[in-house]
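K.L.:
Per TrEMBL, active site is recorded for D289. Look at TrEMBL and you will find Q107, K123, T222, L223, W224, L225, E294, D309 tagged as ATP binding site. Sequence annotations record features per position, and here TrEMBL assigns Mn(2+) binding site to D142, D309. The domain 'FAM20 C-terminal' feature in TrEMBL is assigned to 188-397.
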Amino acid sequence: MKLKQRVVLLAILLVIFIFTKVFLIDNLDTSAANREDQRAFHRMMASLRVELDPRLDHTLQSPWEIAAQWVVPREVYPEETPELGAVMHAMTTKKIIKADVGYKGTQLKALLILEGGQKVVFKPKRYARDYVVEGEPYAGYDRHNAEVAAFHLDRILGFRRAPLVVGRFVNLRTEIKPVATEQLLGTFMTVGNNTCFYGKCYYCRETEPACADGDTMEGSVTLWLPDVWPLQKHRHPWGRTYREGKLARWEYDESYCDAVKKTSPYDSGPRLLDIIDTAIFDYLIGNADRHHYESFQDDEGASMLILLDNAKSFGNPALDERSILAPLYQCCIIRVSTWNRLNYLKNGVLKSALKTAMSHDPISPVLSDPHLDALDQRLLSILATVKQCTDQFGPDVVLVEDRMTLSHL
């Protein structure tokens, strides 16, 4: 064989060797990542059921100190939380030492201080479980049980970006009124044999109070994030106008995502992928009301999009508001880890997992069966949407790696 032929042959063999090596390494890396996603899923499934147990093993800290130490820039609580049941038990049983009107907003809520100085937000029951909220997808009062269900869905999806929520029964006469501020107390009234209050908020009306069953009111309590993590509010790039006849740009411009990608903080870092995770989360729960969102301050787009205020969810199980998915189908990208988790949850696993996760909540059953069935149906729509994207652009473009090592130190 001539020297020139040998050189050409060696060059071809070298190219084949390099290509094979890169291909194998990529496949090994992908397989390793997928195996880790699968292990994480199995760990989550094994810890779904949260026993509300007051015992805190191997620590002298209060449940509030433990929960505060969980918070880091990319999650509210860690993947493995053996103390979760103890923290939630404290949220639903600790003595209320002060009650005030809720923080500024459109919906009725109360701000409670629990023994030990922990703030929680109390949202009262307004609807029976089988009540269907008609009209716009963001219509109606807040649903307290939606906050509980959304928190557990956040656990199941592996996001860990929602503050802790648990159901609680409170006696308005013996637990709230004796420690209520004058501002809150002034909104109490009696309707028939029931104690009621209407609070202070944009839509709060004396003619539309929330009423207890006698003196006992069902509601949800959301754990206040530690003050050392101040929040920054952002307008959601896919927010609605809430004006009849006026569309937001994303509702008529199919290239809208290209414009979003050129603006901070969506031009780099994890924020755009967080927006898409949130769209998937909101579509599953039927929340079309995320016009703003919060992150930690001065984060330059690096911290998570925090899944706060999920109470405009689970209103109508028959309504699948596809426009909630606009960030997904307009940008056509999704985290590989999110994609893997969604696939693990199909074939009825999501419904079963959420039902199990909520089974020990004090206000269980948290959701009616039609809402649980709707979750599985909506999951299929999400999977189909991603498939349309991969068919059009290819999986290498659509499925994006974004695995961040999280520190709990």
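Every residue, even glycine, has its Cβ placed from backbone N, Cα and C.
Heads up, TrEMBL stuff is auto-annotated, nobody curated it.
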K.L.:
Is any of the recorded positions Q107, K123, T222, D289, D309 within 10 Å of D142 (Mn(2+) binding site) (Cα-Cα), and if so, which, in sequence order?
P.N.:
Q107, K123, D309
K.L.:
Of all the binding-site residues given, L223, L225, which has the fewest Cβ neighbours within 10 Å once its own Cβ is left out?
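P.N.:
L225, out of the binding-site residues L223, L225, has the fewest neighbouring Cβ atoms within 10 Å.
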K.L.:
List the residues of the same chain that sit at least 6 positions away from D289 (active site) in sequence and have their Cβ under 8 Å from its Cβ, in sequence order, or write 'none'.
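P.N.:
Non-local contacts for D289 (active site): P137, Y138, K312.
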K.L.:
Show which residues of the chain containing K123 (ATP binding site), separated from it by at least 6 in sequence, have their CB under 8 Å from its CB.
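P.N.:
Listed in sequence order, they are Q107, L108, K109, D142, H144, E147, G219, S220, T222, A311.
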K.L.:
Max Cα distance spanning Q107, K123, T222, L223, W224, L225, E294, D309 (ATP binders), Å?
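P.N.:
Per the listed residues, the maximum Cα distance equals 19 Å.
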